[in-house]
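Taken verbatim from Swiss-Prot:
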{"type": "BINDING", "residues": "G6, A7, T8, G9, A10, V11", "note": "NADP(+) binding site"}
Amino acid sequence: MILVTGATGAVGREVAGRLADAGPVRILARRPERLTVRGTGVEVVQGAYGDRAALDRALRGVDAVFLVTNDPTEPDDERVAAAAAAAGVRHLVKLSMMAVEEPDAEDFITRRQRENEQAVRDSGVPWTFVRPRTFMSNTLSWAPGIRSAGVVRALYGDAPVACVDPRDVAAVAVAALTGTGHEGRAYAVSGPEAITAREQTAQLSRVLGRPLRFEELGVDAARTALMAKYPPPVAEAFLQSAERQRTGAKASVVPTVQELTGRPARPFRDWSAEHAEAFAPE
């Protein structure tokens, strides 16, 4: 039995769906009503990471875990890893981030992810880390501005990033969960090319068949917007991450998707064509 966490998110949803197509899968969900993965082989345990009793129920009889955590202010990786060790789990595949490999990345979120990875190592459960670059699906946050005004606003227009389709990240994770020889490995995962926000805007314009305008926000405006949504350390982490991207730190392409799945990573032009409806006027 494989336990999937984060199954309402971009990657966890895909991991759960792929596993459910092949056999039984268990999902730990704080809000089960938000799950889109259904089926006779899908078992759902309601609970949060801070609920040890729910964790113990979810982990009973489980061989492997796909772990996704989202709140860098909470010790959720440590909680799950400790419970997994107590339950005798044989493999824990954690969704991390490629920035942990960058020596100059010292923002709050990246530091916490390094600490989270170490907590998993320290648990004694055999581990695999999947470290993706920025998700292509993050551009869905542009949809309201595109639909209402035909405009994309982002901090830097010409900062390249080798963004990756969440489905490719999920495929790598499933390969690690169901294959052999992945324990003790960390897999960086990128898309097939580095692309800028301005280039993404142009691609979306082609897909939608309508002109789109790109507007660069500037640091002050971006900080104001982020501070309205996130705690200060998290908001500042996003700004520092964007600055690293501006200097080219996120442009490297790696062949992991091809190596682990046998097919090339999807480019942004394919992702945008498949998700055009999300950006189309209502």
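Please read every residue number as a count from 1 along the shown chain.
For all residues, glycine too, the Cβ spot is worked out from N, Cα and C.
Within 10 Å of the C-beta of T8 (NADP(+) binding site) we count 19 further C-beta atoms, all protein chains included.
The C-beta environment of A7 (NADP(+) binding site), restricted to residues of the same chain at least 6 apart in sequence and closer than 8 Å, consists of R13, V15, A16, I27, L28, A29, L35, V37. In the three-state DSSP scheme, A10 (NADP(+) binding site) is classed as helix. Highlighted in sequence order, G12, R13, E14, V15, A16, V68 have their Cβ within 8 Å of the centre of the Cβ atoms of G6, A7, T8, G9, A10, V11, the residues recorded for NADP(+), and are not part of that set. When each of the binding-site residues A10, V11 is scored by how many other Cβ atoms sit within 10 Å of its Cβ, A10 comes out lowest. Of all the binding-site residues listed here (G6, G9), it is G9 whose C-beta has the fewest other C-beta atoms within 10 angstroms.
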